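According to TrEMBL, the protein has these features:
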{"type": "BINDING", "residues": "Lys8, Gln9, Ala10, Leu11, Arg12, Arg144, Leu145, Gly146, Arg147, Gly148, Lys149, Gly150, Phe151, Tyr152", "note": "ATP binding site"}
{"type": "BINDING", "residues": "Leu54, Glu59", "note": "substrate binding site"}
Amino acid sequence: MAGLRAAKQALRKEIKRRVAALSEEEKLRQSLVVSQKLFRHPKYASSQRIAVFLSMHDEVRTEEIIKDVFKWGKSCFIPRYESSSSHMDMLQLRSVEDMRTLPLTSWNIQQPADDDHSREEALSAGGLDLILMPGLGFDPSGNRLGRGKGFYDTYLERCIRHPKGKPYTIALAFKEQLCQEIPVDANDVLIDEILYEDKE
């Protein structure tokens, strides 16, 4: 177990180094390529209730995706992380303007405030059709290397228990985040698909 943790930490460091070497222009360029792939994806077209992460500086930019979700009249849900645990909720975002007014956390992530009880949580109602997944690294088998907090693995376990069942999961990645093999354990949930630039 300690060996697995050490292997994951070493890989996180290596991927962070690779992504840090990308210019802002290159991150934006790859983000737009990945967004266009998503917009053409049949699962995206058929999904009505979609969870989207609000990107950090080392992740694929999702603002164009969020705009597109609203353009097609789909329901958009965004994460609210609890920093003291691995608990995360997916709360409804009302509009692009709503996103711009969200408060910043100490991790520099925008999310609904802790005392904001006005938003629907995805699993309290109709569940989710699609979750767009962030992560630090991914491999061709669908293994994901997160940041070590377990937010998404824990949330997907909750989704599985929902009457609607597990949503389809698509990871959005820079090609620099692809690895030959991610070290995993039994708690790591496989991702259905990874979208990145050179995968047609």
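Including glycine, each Cβ sits where the backbone N, Cα and C put it.
Nobody curates TrEMBL annotations by hand; they come from automatic prediction.
Not measured: the values here are computed from a predicted model.
Annotated features, which come from TrEMBL, shown on the structure.
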residue : record                 : Cβ within 10 Å
Lys8    : ATP binding site       : 20
Ala10   : ATP binding site       : 11
Arg12   : ATP binding site       : 16
Leu54   : substrate binding site : 18
Glu59   : substrate binding site : 19
Leu145  : ATP binding site       : 21
Arg147  : ATP binding site       : 14
Lys149  : ATP binding site       : 15
Phe151  : ATP binding site       : 19
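On the backbone, the CA of Lys149 (ATP binding site) and the CA of Leu54 (substrate binding site) stand 17 Å apart. For the pair formed by Ala10 (ATP binding site) and Glu59 (substrate binding site), distance between Cα atoms is given as 19 Å, rounded to the nearest Å. Annotated pair Arg12 (ATP binding site) and Glu59 (substrate binding site), C-alpha to C-alpha distance, rounded: 13 Å. Summarising the ATP site geometry, the residues cited as binding it (Lys8, Gln9, Ala10, Leu11, Arg12, Arg144, Leu145, Gly146, Arg147, Gly148, Lys149, Gly150, Phe151, Tyr152) extend over a maximum Cα to Cα distance of 21 Å.
Reported as a whole number, the C-alpha separation between Glu59 (substrate binding site) and Arg147 (ATP binding site) equals 12 Å. Here the Cα atom of Arg147 (ATP binding site) is found 15 Å from that of Leu54 (substrate binding site). In this structure, the CA atom of Leu145 (ATP binding site) is 18 Å away from the CA atom of Leu54 (substrate binding site). If you measure from the Cα atom of Lys8 (ATP binding site) to that of Leu54 (substrate binding site), you get 24 Å.
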